[in-house]
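As structure tokens, the structure follows; a few thoughts come after it.
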Amino acid sequence: MELALSQPSFFGTLLMLVVSNLLLWEKAASIPACMVEDGGCWDPLREAFNSATQRAETLRNLSDQLYVEFFQNQFSSRQFADLSSQLIRKDETVLKAGTYCHSNRAKPKSRGVNIDIEEYLKMSINFCGFMDQPLFHLVIELSAMEGVPETILSKAKDLEENNRQLLDDLRWILTKVFPTAEIKEEFPSWDYLSFLKSSNKNHKFLAIFNLSSCLDYDTQVHYTLSQILNCLITGKDC
């Protein structure tokens, strides 16, 4: 499902980041040189970016698989088909659930080509932070629901764990690249948390519909950002 979140313009802005910030590569000069160890040179920052990019790719793949499974598995296929039909009919409640993402609040206001690397690194951290609470509660609620297939529950658990580890990687990278940087990690509550915890089955599936739809978009942003930031900060894999 394609979300109405101005994706083309946002991804266009990310691509502009590559071009417009090439002049900022001198920031890489302030990063400690690689550490010499037996067998060659070890660059901890490079390793952290490799880990972050790998986890971002894993998140993207898992979210795509989970999204498809919710539509195809007997556990949720009927509810997701009904919600999709209501979305097509532009039902106001379902339209919001299917097109508005909690993490959309983490996107900075566009300033054309004047994009700051530190700001986008913080934005990546915020995307992970915004996803942390919904994924945590998704695992709890799925574990308590009857008839949840192991394939769905295991993917939800893997998503939560990989997101948490990616958040740790990004926090570490920020402290190494911008040692004096400050970031306020105050993530607002997920709008659909009360729906997910509700005893009303329709409300619960509406929350799952919102989260699975948004994860499909958010994890692609994660992956794109990690590749661009890796290029700009380390000068590798450009």
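Quick reminder: no glycine exception, Cβ is built from N, Cα and C everywhere.
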Swiss-Prot annotation, disulfide partner of CYS101 among CYS34, CYS214, CYS231: CYS214
Swiss-Prot annotation, disulfide partner of CYS231 among CYS128, CYS238: CYS238
Disulfide-bonded residues compared (CYS214, CYS231, CYS238) - the one with the fewest other Cβ atoms within 10 Å: CYS238
Subset of recorded positions (ASN61, ASN210, CYS231, CYS238) lying within 10 A of CYS101 (disulfide bond), CA to CA, in sequence order: ASN210
ASN210 (N-linked glycosylation site) - helix vs strand vs coil (DSSP): helix
Those residues of the chain, 6+ apart, with a Cβ under 8 Å from that of ASN210 (N-linked glycosylation site): ALA97, GLY98, TYR100, CYS101, HIS102, ASP191, TYR192, PHE195
